[in-house]
């Protein structure tokens with residue numbers, strides 16, 4: 001079929017060459033910013049749509065239930081030992097609070113994936129900011145745990161208990177304040193937007209309608225990469241290499257070796273859950289900066305990868321309680337007593353469900369001095 005080379009609308013006739021020139025003018029204009037990703041929004045295809053509409057509600061609901069119950073149990077058990085808990089357990093208490101914040105935003109993520117964002121700008125800003133606060137606080141708390149273990153084991157720093165607890169509480173307060181400050185760009189610039197194609201659902205996104213907002217978005221992205229992930233992971237890696245090296249030399253202190261294992265495992269789980277998301281987000285940042293060859297196909301693949309990797313990262317909020325349950329002897333003992341007191345389960349049924357509980361608890365719980373002891 002041969003298409004006409006002109007468009008006749010009443011008394012106005014547009015030549016196709018003139019139309020192309022007008023489009024080129026508007027695409028180069030600074031008054032009407034256009035993003036290439038708007039023209040690639042349909043590349044995702046039905047796979048991502050099905051994932052958001054079918055798999056995401058089921059999976060996120062499961063994560064919500066497990067994360068809610070698990071982290072509340074962690075908080076209850078740690079709160080019962082408030083006056084005797086160690087510095088690591090204090091950091092883990094705040095980590096559980098941060099994970100609960102992440103759990104609370106999961107229903108909003110499910111709703112947005114199914115029907116779009118229909119809850120207004122205020123909740124849009126709040127949910128995106130809570131997501132960022134959770135991540136920053138989690139990574140900074142894990143870095144503090146690594147530094148605390150490094151100072152206690154490698155340099156044998158043992159401060160006076162009251163002064164030490166005060167410094168830990170001040171550190172945790174500073175971490176929450178830092179998480180809030182790092183999330184300020186989201187609080188200021190997040191808004192509900194309608195994608196270019198009218199068939200798409202409204203989304204809660206970081207607004208990039210002008211140059212100032214775009215610069216704020218890139219600043220937030222690089223702060224997320226460097227301050228929220230890269231630097232804390234470097235600190236954790238440096239500290240735990242030193243800790244492991246010292247523990248290998250002190251083979252006569254098996255209890256100390258067991259006590260630090262939970263911190264390394266928690267950090268490893270955090271890295272495994274969030275590193276794929278950060279790698280994909282970093283590639284997306286490079287693609288938006290035109291540092292790599294951009295195409296609709298690449299944008300589509302990155303969009304799918306971001307959604308899948310974000311799901312893995314969000315699943316992290318329900319994994320820490322499981323880790324404490326299956327690895328911490330004292331934690332298992334306290335959990336067993338709590339569930340028995342609540343009438344949820346008795347010691348016999350728990351031992352049948354987890355055969356290794358009774359054996360490990362009898363042999364090691366008497367020597368356990370910390371909830372995070374293995």
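The first residue you see is number 1, and the count goes up from there.
Every residue gets a Cβ built from N, Cα and C, even glycine.
Going by Swiss-Prot, these are the annotated features:
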- 124-204: disulfide bond (DISULFID)
- 28: N-linked glycosylation site (CARBOHYD)
- 198: N-linked glycosylation site (CARBOHYD)
- 1-57: topological domain 'Extracellular' (TOPO_DOM)
- 79-90: topological domain 'Cytoplasmic' (TOPO_DOM)
- 112-126: topological domain 'Extracellular' (TOPO_DOM)
- 148-169: topological domain 'Cytoplasmic' (TOPO_DOM)
- 191-221: topological domain 'Extracellular' (TOPO_DOM)
- 243-261: topological domain 'Cytoplasmic' (TOPO_DOM)
- 283-306: topological domain 'Extracellular' (TOPO_DOM)
- 328-374: topological domain 'Cytoplasmic' (TOPO_DOM)
- 58-78: transmembrane segment (TRANSMEM)
- 91-111: transmembrane segment (TRANSMEM)
- 127-147: transmembrane segment (TRANSMEM)
- 170-190: transmembrane segment (TRANSMEM)
- 222-242: transmembrane segment (TRANSMEM)
- 262-282: transmembrane segment (TRANSMEM)
- 307-327: transmembrane segment (TRANSMEM)
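Simply put, out of 91-111, 127-147, 170-190, 222-242, 262-282, 262-282 has the most Cβ pairs sitting under 8 Å from the transmembrane segment (307-327).
Using the rule of three or more Cβ pairs under 8 Å, pairs at least 6 apart in sequence, the transmembrane segment (170-190) is in contact with the transmembrane segment (91-111). The highest tally of CB pairs under 8 A with the transmembrane segment (222-242), across 58-78, 91-111, 127-147, 262-282, is held by 127-147. The Cβ of residue 124 (disulfide bond) lies under 8 Å from the Cβ of 117, 190, 191, 192, 204, each on the same chain and at least six residues away in sequence. Mapped onto three states, the DSSP output places residue 124 (disulfide bond) in helix.
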